[in-house]
Amino acid sequence: MQEVLDLLQSSSYTVVFTGAGMSTESGLPDFRTKDRGLWEKFNPDELANVHALINNFEEFTNFYQYRLREINKFQPHKGHLILAKWEKVGLINSIITQNVDGFHHDAGNENVMELHGTFRKFYCNQCKREQSREDYLNGKSECSYCDGPVRPGIVLFGEMLPEDVFYKAELETAKAELFIVLGSSLTVSPANMFPMVAKEQGAKLVIVNREPTPMDHYADVIIRNMSIKEFLVEMDKGTE
Ligand SMILES: [Zn+2]
């Protein structure tokens, strides 16, 4: 811990990378985990893709309205709030996330790159104009301008990651002196390349994850025996 604290306090540019583990600590079920309720109602493999958006729009919409309701039941945890505070006081510079729940924004972080898009925004798949999240939640799935299909602002299977966000995340990573991974198994490509890029550019790499990751041999510090929340709370005490 002391080692990470020293790295954090001496780094002039720190980038945090968060994955599913960050969100599950808020209670939010990981939709890829088959043993949770979602799989009884829907099969994400069949619905979370472009094919379903085009050919199975009704079920696609039911699925995403359900997921949005699920996300709305939860909120950022203490760890999210600490990261927001750290951005304000300049301890960290930005967050790259694989999560789509928008909790980093909700917590107050401003410099967030959402690699897989976000549930904070909805838009028309036809005219691309933004649509109301509230309306979507209330069952509206046609565009208010052109009647096209409304969809969440997340990246579906079969779609490219947003190029501008990805590019910005690469630039941030290249600037990092310290790169901290929180709750990602680092197995999803191409997101898993960021820690490697950071390392190649000379950054120190810290990985906080319950399970081993394929990038562990690049890491300067690996923490597995505490939750992300515990880790951030402990670190935060050290910075005060
Ligand atoms: Zn439209």
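Please read every residue number as a count from 1 along the shown chain.
Using the three backbone atoms N, Cα and C, a Cβ is placed for every residue, glycine included.
TrEMBL labels come from automatic prediction, so no person has curated them.
Feature list (source: TrEMBL):
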{"type": "DOMAIN", "residues": "1-240", "note": "domain 'Deacetylase sirtuin-type'"}
{"type": "ACT_SITE", "residues": "His116", "note": "active site, proton acceptor"}
{"type": "BINDING", "residues": "Cys124, Cys127, Cys143, Cys146", "note": "Zn(2+) binding site"}
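Structure coloured by features recorded in TrEMBL.
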residue: His116; record: active site, proton acceptor; Cβ neighbours (10 Å): 18
residue: Cys124; record: Zn(2+) binding site; Cβ neighbours (10 Å): 19
residue: Cys127; record: Zn(2+) binding site; Cβ neighbours (10 Å): 12
residue: Cys143; record: Zn(2+) binding site; Cβ neighbours (10 Å): 21
residue: Cys146; record: Zn(2+) binding site; Cβ neighbours (10 Å): 12
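Listed in chain order, the residues near the Zn(2+) site other than Cys124, Cys127, Cys143, Cys146 are Asn125, Gln126, Lys128, Arg129, Gln131, Ser144, Tyr145, Asp147, Gly148, Val150, each with its Cβ within 8 Å of the site Cβ centroid. Confidence across the domain 'Deacetylase sirtuin-type' (1-240), taken as the mean pLDDT and rounded to a whole number, stands at 94.
Reported as a whole number, the C-alpha separation between Cys127 (Zn(2+) binding site) and His116 (active site, proton acceptor) equals 21 Å.
The CA atom of Cys124 (Zn(2+) binding site) is located 17 Å away from the CA atom of the residue listed as 'active site, proton acceptor'.
Rounded to a whole value, the Cα-Cα separation of Cys146 (Zn(2+) binding site) and the residue listed as 'active site, proton acceptor' is 26 Å.
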